[in-house]
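Participant: Can you read through this structure? Questions will come right after.
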Amino acid sequence: SLFGAGAVLMRGAGCTINDMWDRDYDRQVARTASRPLAAGDISTFQSLVFLGGQLSLALCVLLCLNYYSIILGAASLSLVVTYPLMKRITYWPQLVLGLTFNWGALLGWSAIRGSCEWSVCLPLYFAGVMWTLVYDTIYAHQDKRDDIMIGVKSTALQFKEDTKQWLSGFSLAMLLSLCVAGMNCNQTFPYYSAVAAVGAHLAHQIYTLDMDKPEDCWKKFASNRTVGVLLFIGIVLGNL
């Protein structure tokens, strides 16, 4: 319950910070022009107050954990704050997003054990980063025309027509890392079955992707919820 609340609060805080940094850019992109800050429905001050509330509640959640986890959790804040700036300076903002979004792979373990078992946590964290590169590159292809016009960078613009090869490489790295993490914590057959199902899902997702159709990019991006559900079920059944 703590991690569920913490995930909602910190993802929400990240989105608030992102919209605050990007309000001028968002006005120029068709898909994001209606966001409250970009549309002028709320002020920067109101969003700052809202952000303060999100971070205060997230701090309350964090303080319920052990000292190791409090320090580890606080360390993620710099990534949360700086991620939205990355699209201005590098074609790899999706990598920084991956480093930010998957911090829970480290924090979840330390919250239970009081420290990290790096032989498990690092492969799991790396797998999450690779997964983020897959789904957020697909997501970025929705906006590539607008991004070129306003000068925003992304892996979609970096990879261009080679995107599917890159996504395949990221997916393979993700699957191998999940296997390493599983072996290092003695996972069982249901877990590896779920990893195989994830691999099949990603292969179909990449093979059928139409990078030039925003609606198909959104559909493929959203289908990554299935990846998460499959892996979660595999972990639970593997432990049972």
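Cβ atoms here come from the backbone N, Cα and C positions, even for glycine.
Those TrEMBL annotations? Automatic predictions, nothing curated.
Straight out of TrEMBL:
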TRANSMEM  55-83  transmembrane segment
TRANSMEM  95-112  transmembrane segment
TRANSMEM  124-140  transmembrane segment
TRANSMEM  166-183  transmembrane segment
TRANSMEM  221-238  transmembrane segment
Participant: Could you pull out which residues elsewhere in the chain have a CB under 8 Å from any CB of the transmembrane segment (221-238), counting only those six or more residues past its ends?
Facilitator: 131, 134-136, 138-139, 142, 178, 182, 187-195, 197-198, 201-202, 205
Participant: What stretch in 55-83, 95-112, 124-140 has the biggest tally of Cβ pairs under 8 Å against the transmembrane segment (166-183)?
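Facilitator: The stretch with the most contacts is 124-140.
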